[in-house]
Ligand SMILES: Nc1ncnc2c1ncn2[C@@H]1O[C@H](COP(=O)(O)OP(=O)(O)O)[C@@H](O)[C@H]1O
Ligand SMILES: N[C@@H](CCC(=O)OP(=O)(O)O)C(=O)O
């Protein structure tokens, strides 16, 4: 990519519609870690200007836990999950009330969308989330998305909103993703170290081998730069150009100024569902295949049938995500399973016709339909 391509991407991002904007806790909090209304209002001003220019916007906002601290008299951000959930329960209402008022002052209506990873991996829920977001945008509403912290358990948590924002971007086929943090760009080393230099352009995330990507230094954010680079990798692999900068530079970024770090798209658009399955799901179990079934699933892209499964591991329900592994334990695919872990063992190694004759036509169904199966490029253990 040339410098001209970088500028072209900046122009595309500045005109993106829909644009997904993610703002982190560190950009919405004051020195004591509590919600900073002035910072929130400045962000809303910028987004309202983007809307006034005719572009639609989805805001993915962290800050529920921070916003819950003052009403609950918590001196610092809680570290245990139940207290975080309680703070988020109180704070999400405060946060949304602040956004509702700030956007209303600029003539805009907001809609709250709370998502869990589970919500967006099951087929019905995934389609539902997309339909809701699309309808909100069609009605001129600004969706304000956050993780549903109060019900998300440790196992199924996104934990940080960077990945959630990238998944929302590809879910709605966004034309751009803007990640706003307390740091103005990705640096080639810890930004607190003198001598670290801004990385203005990343043609592909694989090119970041020499960059020291660290955790959060802010005390309120969760993932640090690691989750932002992961989010950029997810979004760009779905064809969505991504720009990372600070909330205070958001307006400059949306004027295509030379700020922050631009990540170029690495693939075409339209792989939405497969990316959700690959990145958003927490597998609940494993299915061990024989070699013939591995070849059928990975090379011939067939649905997975009981005949090719040797063993079932873990406890899962119909519709859950499971890893599909080869005889030596390497993960070759991930999919949504059509049976639960109690009924599946009795079916293994048997033909579907025979099962249907014996148990009824319902048992002719695949264990994982190929539309619900994503073949992973690298084998993971
Ligand atoms: N190479 C790097 N370039 C930029 N920032 C980095 C880097 N490594 C670690 N960081 C840290 O990542 C932080 C941003 O992440 P985080 O605190 O989770 O923010 P947010 O709340 O916006 O999600 C920065 O404040 C910075 O300290
Ligand atoms: N859902 C949580 C966000 C967790 C979090 O801190 O995320 P981030 O600041 O984006 O790294 C909240 O609203 O507080």
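Glycine too: its Cβ is placed from the backbone N, Cα and C atoms.
Whatever TrEMBL says is automated annotation, not expert-curated.
A quick note: this is a predicted structure, and the numbers were derived from the prediction, not measured.
The ATP binding site annotation in TrEMBL covers 22, 181, 182, 222, 223, 224, 225, 226, 227, 228. TrEMBL lists 62, 149, 161 with the feature substrate binding site. The domain 'PUA' annotation in TrEMBL covers 285-364.
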Quick check on the binding-site residues: of 149, 182, whose CB has the lowest count of neighbouring CB atoms inside 10 Å? 182
Could you tell me which of the binding-site residues 22, 149, 161, 182, 225, 227 have their C-beta within a distance under 6 angstroms of some atom of ligand 1? 182, 225
Between the Cα atoms of residue 227 (ATP binding site) and residue 62 (substrate binding site), find the distance and write it as a whole number of Å. 14
Including all protein chains displayed, how many Cβ atoms other than that of residue 22 (ATP binding site) lie within 10 Å of its Cβ? 29
Quick one: of the binding-site residues 62, 149, 161, 225, 227, flag those whose CB is under 6 Å from ligand 2, and say none if nothing qualifies. 62, 149, 161
If you rank the binding-site residues 62, 161, 227 by how many other Cβ atoms lie within 10 Å of their Cβ, the lowest count goes to 227
How big is the Cα-to-Cα gap, in Å, between residue 62 (substrate binding site) and residue 22 (ATP binding site)? 8
